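Comments concern the structure below.
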Amino acid sequence: MASEELASKLQRRLRWEEMEEGGPQPEPRAAPAPEPQPQPPARAPIARADAELSVQLNRRLDINEGAARPRRCKVFHPYSEFPEFSRRLIKDLESMFKLYDAGRDGYIDLMELKLMMEKLGAPQTHLGLKSMIKEVDEDFDGKLSFREFLLIFHKAAAGELQEDSGLMMLAKLSEIDVALEGVKGAKDFFEAKVQALSSASKFEAELKAEQEERKQAEEKRRLRQAAFRELKAAFST
């Protein structure tokens, strides 16, 4: 009994001392682990996007300042975009374009232009060839499309080319014959184009002439076949 009372007193004594010292001290808690920070995204795609945006903005500024032309739609109608040229002339220029389009990709690149100028007897330096392409390169791809090729002759006819430029030499030395246009007595090949009839009536007349030529060719073919059948029948009897 005495031992129980003594134990009880000791416990009260310990509680009293703990209260005097400020109460029981809580055990220190472990610091929470820091949350993982998100990694910054890779800068390569951002840098690439910034570069593409910069190119687009620079091109837009060039277009606004007149230093570049807006890209045209892929559908190209040479007869409507170059009404000053006759159908026959455009077809002749197309044949010439295809002749030097060795890669058959619809373009004349730097090396093909080099070969063309050598064939025409007016070879150019590498820088000269690049300058020729740059003067009419509307889409900045470093080569000539058929539209850009026609633009050379358009500029020459409009007097927009330097007399001693490579493009003027190309236009003057081309194998297109003025007689094919049916215009004689003109001082200059390009003056003949400017002095042509109105584009609408001329286009209609040329279209009818082509239809008549095809009709005559078909009639000749039919007559040849008939003659052959008659000859074959004569030998069979």
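Cβ coordinates are placed from backbone N, Cα and C, and glycine is handled just like the others.
Summarising the annotation, TrEMBL assigns region 'Disordered' to 1-48.
Look at TrEMBL and you will find 25-43 tagged as compositional bias 'Pro residues'.
For 88-123 (among others), the entry in TrEMBL reads domain 'EF-hand'. Each residue in the domain 'EF-hand' (88-123) has a pLDDT score, and their mean in this model is 93.
Across the range of the domain 'EF-hand' (124-159), the DSSP-based residue counts are 23 helix, 1 strand, 12 coil. Positions annotated as domain 'EF-hand' by TrEMBL: 124-159 (among others).
For 200-227, the entry in TrEMBL reads coiled coil.
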